[in-house]
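Taken verbatim from TrEMBL:
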- 136-153: transmembrane segment (TRANSMEM)
- 165-186: transmembrane segment (TRANSMEM)
- 198-216: transmembrane segment (TRANSMEM)
- 245-266: transmembrane segment (TRANSMEM)
- 273-294: transmembrane segment (TRANSMEM)
- 326-347: transmembrane segment (TRANSMEM)
- 367-385: transmembrane segment (TRANSMEM)
- 405-423: transmembrane segment (TRANSMEM)
- 428-445: transmembrane segment (TRANSMEM)
- 465-491: transmembrane segment (TRANSMEM)
- 515-638: domain 'STAS' (DOMAIN)
Amino acid sequence: MGNVDYVYPSSNDNQGGHAHQHRVAIPPPQPFIKSFKNSLKETFFPDDPLRQFKNQSPCRKLVLGLQYFLPILEWAPRYTLQFFKADLISGITIASLAIPQGISYAKLANLPPILGLYSSFIPPLVYAMMGSSRDLAVGTVAVASLLTASMLGQEVSATENPTLYLHLAFTATLFAGLLQASLGLLRLGFIVDFLSHATIVGFMAGAATVVILQQLKGVLGLEHFTHSTDIISVLRSVFSQTHEWRWESGVLGVGFLFFLLITRYFSKRRPKFFWISAMAPLTSVILGSVLVYLTHAEKHGVQVIGNLKKGLNPPSFGDLVFTSPYMITAVKTGMITGIIALAEGIAVGRSFAMFKHYHIDGNKEMVAIGTMNIVGSCFSCYLTTGPFSRSAVNFNAGCKTAMSNVVMAIAVMLTLLFLTPLFHYTPLVVLSAIIIAAMLGLIDYEAAIHLWQVDKFDFVVCMGAYVGVVFGSVEVGLVLAVAISVLRLLLFVARPKTVVLGNLPNSTHYRNVEQYQNTSNVPGVLILEIDAPIYFANSSYLRERISRWIDEEEDKLKSSGETSLQYVILDMSAVGNIDTSGITMFEEVLKTTDRRGLKLVLANPGAEVMKKLNKAKFLEKIGQEWIYLTVGEAVEACNCKLHTCKPDSTKEESQPWNNV
């Protein structure tokens, strides 16, 4: 890269010099109310949900409004028998997965197993009416169950005070639902975006590891087990009780886990046989129950579920706890589990919507998920969302609409009414095997490898979440991951890129000299590009960085004996906005360049920037003639001035910056 034989390219060769050069316009002033309204709209309504209501009759507006909040009114009139056949098959398939998973996850949350079935009955019916995803299969999830157990367990023991613990779980679900629905109604969906993809990969893998370790209690048939979730406490608890390990439980657990993993592997290799892995958990429950019943294994240390209450969900309005100090625990648990459940539900919904080329509204999903949890908390349900494993089975089974959730709910209802006594002999070790098999699918090591290859910082975020969850607790992992993500965001804002631009051969294009090795320097001109909006957080850094670029350029020119620096051009194309600190920074840079005998030139400032620079009277200070539409025009103007008014020959002797 050099500037030997540099030819100044002209963008106005055919236009007769500068006669037709365009000026950078200052946008016309806008009333404050109008600009404030536009900002609000961009923040909270980027998808413009009210567009469909324009130019419609009042009656049509009412129908569209109802369809917006209850999407079932939109797809139900178009529903066909073909759709129902597909939804019936997928509904029955996910029910066969939901029943054993529901019981397992309720045990994981230290709640009565029947709650897992209650939570797979009412919430799916609510979601079918209000949800916009066709593929989301609603139910309880392992991570939220684990969070519920660890956070509520810190305040109330599930074994010593089971009734209060149960009531707190309902109250936490109510607050989770209220938070979720409020975020959706207030259009605050972007808050969930702070849980980046890397955070979710690490967090889910960490939570899955913790859940698997917790299942060692069931697999080894241990009676007493630690309430902590970190790996060290769990392993200490397992290996300090080697004399209490039950080989019968261990053999059964490993056998069923092997069966579940083999069926999943087979279904992955042959997607047509997806139903084999979907039916495997229920098959395991049936086989395990028959085995225990025939061998009376419950008398030989194999723990069983025992009696499950027959009948539908009892109402739980009166069980909600609104008294101190327990309410604070319920609110805290509800908020953390609610955000996690929401992030998972929306991420799952969006990924399947992408496969089928349709769009889901994140804010509408939040309202649907929130409402189903609010309603669920009043009918003996605990936190539900759209788990990935169940939704993947629903998708592979060929579901067409949310009706598959209704079919699943009906199947669960029939189970509650007639089939619960059949689960009496189900061994807990089978439930542990089902959970371990489901959790192994959540440890996405391929995604972590991909993060490492593409973006090392994202990998650090991912591992931060994983290590935090596994060695600390679920809350520690979550806080750590969000903190690292926000730190990265702040670094992007506080330390924006500034690069030197050079001229591409035989063109008027100016590009980053590090990216394009064949660019040429423009003699006497330093061109810098600022790559971010200029705010209070980065204005000091940018001021110092620009000064450093000028120092480095002058040192380089001195040592090579080339033309001294005369002009500093700032390319403002990427500067979308500026605040008062940014304007002050420009005033200081202008003073510094003037003191050094240099001229500051701006290229392509945007509308918002021009408006504020004009109001701050900065344009008068710099002079409108030093603001250009493109870098090419700015370079040409500098070149023209360099060659018509030669720099003062005494400048070399009396450089003002030598005296500073």
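Each residue, glycine too, has its Cβ placed from N, Cα and C.
Note: TrEMBL annotation is automatic and uncurated.
Only pairs six or more apart in sequence are counted, and the transmembrane segment (165-186) with the transmembrane segment (326-347) gives three or more Cβ pairs under 8 Å, enough to call it a contact. Each residue of the domain 'STAS' (515-638) gets a DSSP state, and the totals for helix, strand and coil are 63 helix, 22 strand, 39 coil. Long-range contacts of the transmembrane segment (245-266) within the same chain, counting only residues at least 6 positions beyond its ends with a Cβ under 8 Å from a Cβ of the stretch, are 218-222, 273, 276-277, 280-281, 284, 287-288, 291, 297, 300-303, 427, 429-430, 432-434, 436-437, 440-441. Taking residue pairs at least 6 apart in sequence, the transmembrane segment (428-445) and the transmembrane segment (273-294) share three or more C-beta contacts under 8 angstroms. A Cβ distance under 8 Å defines the sequence-distant neighbours of the transmembrane segment (326-347), meaning residues of its chain 6+ beyond its ends; these are 136, 141, 143-144, 147-148, 151-152, 154-156, 164, 168, 171-180, 183, 189, 191-192, 195, 200, 203-204, 362, 365-366, 369-370, 373, 383-388, 475, 478. Taking Cβ pairs closer than 8 Å, the transmembrane segment (198-216) reaches residues 108, 142-143, 146, 222, 225, 229-231, 234-235, 238, 340, 343-344, 347, 432-433, 435-436, 439-440, 442-445, 447-448, 451, 455, 458-459, 461-470, 474, 477-478, 481-482, 485 in its own chain, all 6 or more past its ends. Same-chain neighbours of the transmembrane segment (465-491): 143, 146-147, 150-151, 194-196, 198-199, 201-203, 205-207, 209-210, 228-232, 336, 340, 457, 537, counting only residues six or more beyond its ends whose CB sits under 8 Å from a CB of the stretch.
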